[in-house]
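What TrEMBL annotates here:
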| type | residues | note |
| --- | --- | --- |
| DOMAIN | 9-140 | domain 'EamA' |
| TRANSMEM | 12-30 | transmembrane segment |
| TRANSMEM | 36-56 | transmembrane segment |
| TRANSMEM | 68-90 | transmembrane segment |
| TRANSMEM | 96-119 | transmembrane segment |
| TRANSMEM | 126-144 | transmembrane segment |
| TRANSMEM | 150-168 | transmembrane segment |
| DOMAIN | 152-278 | domain 'EamA' |
| TRANSMEM | 180-201 | transmembrane segment |
| TRANSMEM | 207-225 | transmembrane segment |
| TRANSMEM | 237-256 | transmembrane segment |
| TRANSMEM | 262-279 | transmembrane segment |
């Protein structure tokens, strides 16, 4: 039985996570470092922040909980590592607009996984809104793609599948401590990246950027998204997260003049319209049954 206001709260949490997540491309451009260095330091700061938060939340039980992970937690850790590595590399290999266009398939991926895994059927509203969004995605994808973007696009799709799996897995296993899981995944990402970094110790300015990158987009955004997804449908959570599709290219356009192109702007407007239409219906209070 859900608490009163649980669904609107879930939608708000996922929407806020999308705003924070959308700054990832901006941080990558600001840091101006190779992918492994960005990934390693971002993950290190995320692990420190989340590890501290987990210790505060768990108190004396922290060590016991951290050393008694089950298969469901380990699966989430592995999926998080894969999605994080793919996302950072996608942002380095291709434009933010391309990455966000592919990421916009998240509601379809999440809803599909939820249907196969949980037998969860999507509402009529999300199907209609997703169809509208698909038109926008097709327009955005209509812009020419150079061969060099293929690797970045594949990495972006792998990241989308990984995050969609996380959304559904979190709903299937609501007892998972997401703070602990993401902290461990971030720590392992840092370990994996360390020997592959081109720059072992970036400048103080770059470290500050990477600290904000790690804390906001991994430490806070992931936790909000996965917590919020437990309160609403998996397809709905994925669809609301598409706000990131609009905001991500917008930040790098405003701050780095990374032009998304006219077709991307038109398609983005269609996607945003579908998101706002969906949210307007989802936030209305329901009649008591």
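Just so you know, glycine gets a Cβ as well, placed from its N, Cα and C.
Mean pLDDT across the domain 'EamA' (152-278) comes to 86 in this model. Beyond its flanks by at least six residues, the transmembrane segment (237-256) meets 10-11, 14-15, 17-19, 21-26, 29-30, 95-97, 99-101, 103-104, 106-111, 126, 129-130, 133, 164, 167, 225, 228-229, 264, 268, 271-272, 275, 278-279 of its own chain at Cβ-Cβ distances under 8 Å. Counting Cβ pairs under 8 Å that are 6 or more residues apart, the transmembrane segment (12-30) and the transmembrane segment (207-225) reach 3 or more and are in contact. Residue counts for the domain 'EamA' (152-278) by DSSP state, with H, G and I taken as helix and E and B as strand, are 104 helix, 0 strand, 23 coil.
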